[in-house]
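Asks: The structure follows.
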Amino acid sequence: MNLGKKLKVFKVGLVLSLLWTVLTPSLVLAEDQGTSLDDFSSQLAAQLNLEVDQAAAMDQATGQALFRYQDDNLHGIASLTKLLSLYVVYDAIKAGQLDFDTKIPVSEGVAELSRLPNLSNVPLDASTDYYTAGDLIDATLIYSANSAIVALAQYVAGDEATFVEQMGDKLESLGITDYQLYTASGLDGKYQTTNGDQYTSQDENQMRGIDLLRMTQHLLKDYPDILKRSAVSVKDFQVNPETTFRMVNFNEFLPGLAYGREDVLGLKTGTEDLAGACILIVSRINDRPVLLLTLGASDNEARYRETNKLLNGLQDNLAWTLVHQKGEVFASRDHVDVYQGRQDQVDLLYQDNSAAFLPQGIDWGQEKVESYSDNWRYTPQGTLQVKAPLDPSQAVNQVTIHLPFLKDVEGQDMALTNAIVPSEEVESLSPIVRVTRRMSQLIESLVDQVEDWLDTQIAKTN
């Protein structure tokens, strides 16, 4: 090689070794293709011939939407209202306004409400210091007792109308703004104990199904005691010292009841003229808690039939899928080069598991789009390179993974994120070693140049 070419190669190599070679991360998501949540939901609903007004499901922990069917319009929620009402009550307990042993007064009006025919209730006697808050919470969750939640509402807010305002405030604090509320119990507006004469039987509490799921996710995160109490199949309620009332849970999905399933952990039913037969349950798919809601079934039998086949359909068609596993080698590379490190190479690993529910049988590897928080560095030869010092607890980059199926309950894109970390600690070269190594490289290059020059001169003399 002649001296000019040798110097040119040397200069180019030296410059490239000192510069970051930028690979711009992909920021544009793939257009909807493959298996989207909307496609999956519509196909499954058609396959199941789902006969409800609305239905939705979500992963309880992550908020990932698993199924959505006509759930973004207002719909009557009947006694599912009581979950929101209990949210307000539990907030009051947390604030110290009462506790589970607090004696809750029962007015003559509430006692009368508790004995009206054709309403779900435990009988209550007018009293000032007999029923505890815990007793009334159990009656609300197990037997959907309208009078029990109204008594709690009156204690917390002074009257039911003010309590209903607090229910709206709670929804607003969660970012839920589309709703209509009239009662704490879920009965229609004419049963409100404060201003019932202002309303008619057409005035039922309404929310969007998807908002009801969102609210319940927050409720169970803040107050898991709700789920525990809702899972009780049978309990006796002490009406007075002489009388007990057996409460059999209206959620007949609970083990041992009419439609019992071992994988249903609890929650709540609701039925009203406009709302129809409704239910919100916590169940499991791949051993993960999921929330599942159906609104507007035609009757009690249809409530369980339709919800049962939807739950089975989701369990048959969804799988909790590891997209990247903790300790997995990043991008299937054996190693990457280390710049200015005491060793030349290191492995990069995914720090955590990245997982989500995905439809079974799809090639999600072909659908995913990955982007990175920082640009990668490359050697002149195109090898991935990281700069020392390196610490296994410190990420060298972060990957964001997009898939068409990943949506939250509002239909917004969700993404999986994972840190990329070195497999071991790598210290930086000391300044002296770096200078010595650079001098060695320069001397080696100079020797090569001299040898090339001598070879050229010898060739000329021959």
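Yeah, the Cβs are placed from backbone N, Cα and C, and that goes for glycine too.
In case it's useful when we look at the structure, here is the feature table from TrEMBL:
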ACT_SITE  SER79  active site, acyl-ester intermediate
ACT_SITE  LYS82  active site, proton acceptor
ACT_SITE  SER144  active site
BINDING   LYS268  substrate binding site
DOMAIN    45-298  domain 'Peptidase S11 D-alanyl-D-alanine carboxypeptidase A N-terminal'
Asks: Tell me whether LYS268 (substrate binding site) sits in a helix, a strand or coil according to DSSP.
Replies: strand
Asks: Looking at the domain 'Peptidase S11 D-alanyl-D-alanine carboxypeptidase A N-terminal' (45-298) alone, can you tell me the average pLDDT?
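Replies: The predicted confidence over the domain 'Peptidase S11 D-alanyl-D-alanine carboxypeptidase A N-terminal' (45-298), as a mean pLDDT, is 97.
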Asks: Restricting to the same chain and to sequence separations of six or more, state which residues have a Cβ under 8 Å from that of LYS82 (active site, proton acceptor).
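Replies: Same-chain residues close to LYS82 (active site, proton acceptor) (Cβ under 8 Å, separated by 6 or more) are THR140, LEU141, SER144, ILE149, ALA184, SER185, GLY186, LYS268, GLY270.
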Asks: Restricting to the chain of SER79 (active site, acyl-ester intermediate) and a gap of 6 or more, list residues whose Cβ falls under 8 Å of its Cβ, or answer none.
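Replies: SER120, SER144, ASN146, SER185, GLY186, LYS268, THR269, GLY270, THR271, GLU272, CYS278 - these are the non-local Cβ neighbours of SER79 (active site, acyl-ester intermediate), listed in sequence order.
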Asks: Over all shown protein chains, what is the count of other CB atoms within 10 A of the CB belonging to SER144 (active site)?
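Replies: For SER144 (active site), the count of other Cβ atoms within 10 Å is 27.
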Asks: What count of other C-beta atoms do you get within 10 angstroms of the C-beta of the residue listed as 'substrate binding site', across all chains shown?
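Replies: Excluding its own Cβ, the residue listed as 'substrate binding site' sees 28 Cβ atoms within 10 Å.
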Asks: Using DSSP and three states only, what is SER144 (active site)?
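Replies: The residue in question, SER144 (active site), is coil (DSSP, three-state).
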